[in-house]
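Per TrEMBL, the features are as follows:
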DOMAIN    5-48  domain 'DC1'
DOMAIN    59-114  domain 'DC1'
Amino acid sequence: MPSHFTHRHFLDFVNRSSSFVCSACGLEGSGDRYECAEFCDWDLHKTCKNCPASLTTHTHPDHQLTLKWAKGYTNEHEVKGRCGVCDMYITSRLYYSCETCSRSGTGFFLHPTCSIYPSRIVHPLDKVHYLTWQFAPGAWCDGCRQVCPDWHYRCALCNIDVHVECPVDTARSSSGLGTLAFSIAYYLLGGF
């Protein structure tokens with residue numbers, strides 16, 4: 001019996017320092033992962049292996065999201081839509097989708113690894129307030145000076161905007177770490 005519905009072989013939990021591309025969501029990772037016990041080059045983020053079949057998240061609070069798995073080989077040219085958090089195109093086989101929004105023609109999609117970002121974070125650019133997940137189109141990121149997606153982290157009182165990657169990149173550059181595991185820990189522990 002396989003240890004995950006996406007793969008026919010058993011998967012072992014390992015910690016390797018090398019980077020990998022998740023065979024389910026298509027995003028890069030390093031550190032903790034599940035890999036095929038039969039050595040067939042199948043790696044999964046811990047988040048992708050353990051993601052629930054459905055969820056509700058602050059990034060799309062009005063509707064439930066359903067986990068989708070496209071069997072067979074992935075077609076990197078087949079775009080489902082943009083991720084509602086990181087704004088990257090979803091071309092992978094494992095992703096979340098909103099059935100209600102798909103029926104209405106607008107669509108909402110989410111990478112499994114992007115589903116765990118919190119509604120608020122602590123960031124070095126604002127030592128007084130939390131940055132909260134907000135819709136604020138046309139903002140420039142105070143972390144990297146690039147245009148933010150419409151949805152990003154923001155402190156309206158201090159007029160500070162950062163896109164989802166910058167809270168991690170700012171902290172990561174000072175820590176010397178560079179793994180998805182660090183990124184997730186940074187968010188979940190409030191940036192401390």
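Positions of Cβ are set from backbone N, Cα and C atoms, glycine also.
For the domain 'DC1' (59-114), DSSP puts the residue distribution at 9 helix, 21 strand, 26 coil. For the domain 'DC1' (59-114), the model's average pLDDT works out to 81.
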